[in-house]
Amino acid sequence: MTENITTETRPSIYGLTRDQLIEWAIENGEKKFRATQVWDWLYRKRVQSFEEMSNLSAVFIDKLNEAFILNPLEQVVVQESADGTVKYLFMLPDKVMIETVLMRQSYGLSVCVTTQVGCNMGCTFCASGILKKERDVTAGEIVSQIMLVQKYFDERGLDERVSHVVVMGIGEPFDNYEHLMNFLRVINDDNGLAIGARHITVSTCGFMPAKIKEFAHENLQINLAISLHAPNNELRTSLMRITRNAPLEKLFEAIDYYTETTNRRVTYEYIMLSGENDSPEIAQQLADLIKPRNKLSYVNLIPYNPVAEHIKYERSTKDNTAKFYDVLKKNGINCVVRQEHGTDIDAACGQLRSKQIKKNKAKLA
């Protein structure tokens with residue numbers, strides 16, 4: 001796998017799985033246990049440089065420095081919310097920027113990672129797609145987001161660790177499938193960060209139903225979420241243009257294949273847009289769509305975070321959201337209204353990045 005696609009000629013070592021690191025070490029004249037030592041320094045001791053790996057020879061450290069960098073991300077902006085949510089803006093070696101979000105949950109620290117610089121999916125309500133995709137984020141750069149968030153707590157002497165990960169940041173994860181899978185295997189490794197598969201969720205808009213089928217055979221018990229947002233093709237196409245090429249019939253054929261293959265539940269994300277997709281009639285359509293597969297389904301109703309560039313959309317009222325929820329519950333649909341995080345900072349995914357890029361352009365003008 002080609003890990004590096006930036007101006008930095010060396011890839012991040014975080015992009016290697018443990019088996020890949022062992023293979024590299026042996027190819028470079030080192031014993032297998034040396035790679036295991038490096039892995040331990042990276043993920044258990046969480047050092048910030050190869051020079052800190054005190055049980056390695058100077059020759060081996062030189063080899064590591066010649067072949068890899070550690071963390072390729074530079075922290076640009078940090079926004080902290082009153083509820084404990086932290087939003088980070090990171091710069092990559094080629095000066096493009098990505099967002100990462102830490103959310104404090106009752107069950108631990110959850111991090112939302114970004115998989116692409118910009119997004120081409122064209123969802124009309126989303127801040128992430130305002131700036132189009134420039135490139136994929138490499139596996140090492142995705143892992144680095146987790147490592148820098150963990151460093152944030154380590155440096156403050158806080159005995160807390162990242163325990164949950166959601167792949168719901170900027171970009172479409174299944175459009176960066178190879179790097180996504182390497183990232184998942186790195187963070188799920190029991191000898192490393194050891195983030196349990198059932199504590200990891202990957203979200204897709206379903207633009208490539210075939211990838212959902214492929215994901216079913218990865219032999220990982222990672223949670224799958226579908227960005228649905230509408231129960232019929234006409235409405236969904238108006239909100240998500242990818243529906244033209246991946247209509248609901250194709251999407252749900254792939255979802256049914258996934259659930260039959262894995263026997264794992266699928267979460268459906270549904271953003272509540274006032275006057276667009278929040279009527280009781282639409283709720284009944286959604287219930288009718290989910291009901292045949294309700295045993296392995298869960299609907300997540302999401303309050304909309306307004307985006308300046310998308311002024312036509314407003315958040316559903318609490319009353320309309322409650323009525324929508326009630327229709328689903330009366331139909332026996334497993335559902336919840338998502339708890340909000342970070343409402344006093346740039347809450348919408350992609351908003352912080354968009355603002356910073358505008359600031360940078362204004363400085364150059």
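Positions of Cβ are set from backbone N, Cα and C atoms, glycine also.
Sequence annotations record features per position, and here Swiss-Prot assigns active site, proton acceptor to E99 based on sequence analysis. Annotated domain 'Radical SAM core' per Swiss-Prot: 105-344, in sequence order. Under the heading disulfide bond, Swiss-Prot lists C112-C349, citing sequence analysis as support. Residues or ranges marked as [4Fe-4S] cluster binding site in Swiss-Prot: C119, C123, C126. Look at Swiss-Prot and you will find C349 tagged as active site, S-methylcysteine intermediate, backed by sequence analysis.
Feature annotations (Swiss-Prot) mapped to structure.
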residue : record                        : DSSP (3 states)
E99     : active site, proton acceptor  : strand
C112    : disulfide bond                : strand
C119    : [4Fe-4S] cluster binding site : coil
C126    : [4Fe-4S] cluster binding site : coil
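The Cβ of C123 ([4Fe-4S] cluster binding site) lies under 8 Å from the Cβ of G129, C205, S227, H229, L239, M240, R241, each of these being in the same chain and 6 or more residues away along the sequence. Spatially, by CA atoms, the recorded positions E99, C119, C126 include one closest to C112 (disulfide bond), and that is E99. Confidence across the domain 'Radical SAM core' (105-344), taken as the mean pLDDT and rounded to a whole number, stands at 95. Residue pair the residue listed as 'active site, proton acceptor' / C126 ([4Fe-4S] cluster binding site) shows a Cα separation of 14 Å.
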